[in-house]
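A quick write-up on the structure given underneath.
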Amino acid sequence: MTLQSAAFWMLATLSVAGGVAVFVVDSMARATFALLTSLICVGLVFLLIDLSYLGVLIVLMMVMEMLIMAVFMIMFMMNPAGLMPMKMVHNARGAPLIAAGVFVLLVAGVFLTPWPRRRGSPPADPTHALGLSIMGPKMLVMMVVGVAILATMISTTVLATHRGRYDADSGGDDSGDDGGGGNGDGDGDGDNSGGGGNGGGGGAPTGHLSPPRALPSSPPPDLPSPSPAERARHRGDRPRLRHEEDR
């Protein structure tokens with residue numbers, strides 16, 4: 001067995017093991033990185049069979065996709081960091097039957113489909129020819145779509161960021177532009193109009209809230225001492241009424 005064959009089988013085993021681990025581990029974070037490991041191994045397998053473009057493309061795309069998914073999962077899931085144990089398999093009874101049926105259909109399609117015979121000679125670079133045949137006339141569109149998707153992800157993150165009341169934009173200018181006086185006679189009363197003084201200062205800016213002031217401490221008022229009847233009521237010993245005593 002050559003070194004390339006040994007590397008192929010090792011990567012294939014790791015890829016299958018990572019795919020199985022996605023449904024075995026008990027957290028979304030571990031499932032994400034298990035899927036990332038599986039797809040990286042698939043990309044390295046493409047590099048082993050001299051498909052450099054597809055191999056590098058798979059590795060780059062899957063790494064960025066899984067990292068972005070992990071970031072969004074940590075931000076928006078009810079389980080921060082995704083490390084709390086949770087059940088990763090749904091429909092445990094029907095899922096194996098559905099998976100087995102799909103596998104049988106795919107294998108039957110491989111062996112029963114009348115594949116066409118090759119015509120002509122293969123190109124010198126099959127990867128380059130495949131890329132041109134798939135993406136040739138739409139390369140510019142795909143580049144624009146990629147930039148649009150990136151902008152959408154960034155804008156979604158910005159819009160989903162929680163903002164407090166102190167982070168809101170101020171409704172007015174702190175410099176007191178609403179003030180009417182330049183060098184007035186000093187009869188401004190301190191409101192937002194700011195009529196006097198040296199430029200009309202006005203009150204506090206409306207965009208930022210000042211912290212509440214501490215109230216002066218005062219001794220508690222003298223409360224009257226409870227009566228014997230109230231003390232008896234608190235003790236559960238209710239005094240008997242007059243008509244009860246007559247009985």
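Each Cβ is built from the backbone N, Cα and C atoms, and glycine gets one as well.
The structure displayed is predicted, hence computed values, not measured ones.
Pulled from TrEMBL:
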type     : residues : note
TRANSMEM : 6-25     : transmembrane segment
TRANSMEM : 32-49    : transmembrane segment
TRANSMEM : 55-76    : transmembrane segment
TRANSMEM : 97-115   : transmembrane segment
TRANSMEM : 139-160  : transmembrane segment
REGION   : 167-247  : region 'Disordered'
COMPBIAS : 178-205  : compositional bias 'Gly residues'
COMPBIAS : 238-247  : compositional bias 'Basic and acidic residues'
Surrounding residues of the transmembrane segment (97-115) on its own chain - C-beta under 8 Å, 6+ positions past either end:
none
Are there residues at least 6 beyond the ends of the transmembrane segment (32-49) whose Cβ is under 8 Å from a Cβ of it, and what are they?
4, 7-8, 11-12, 14-19, 21-22, 25, 55-59, 62-63, 66-67, 69-70, 73, 82
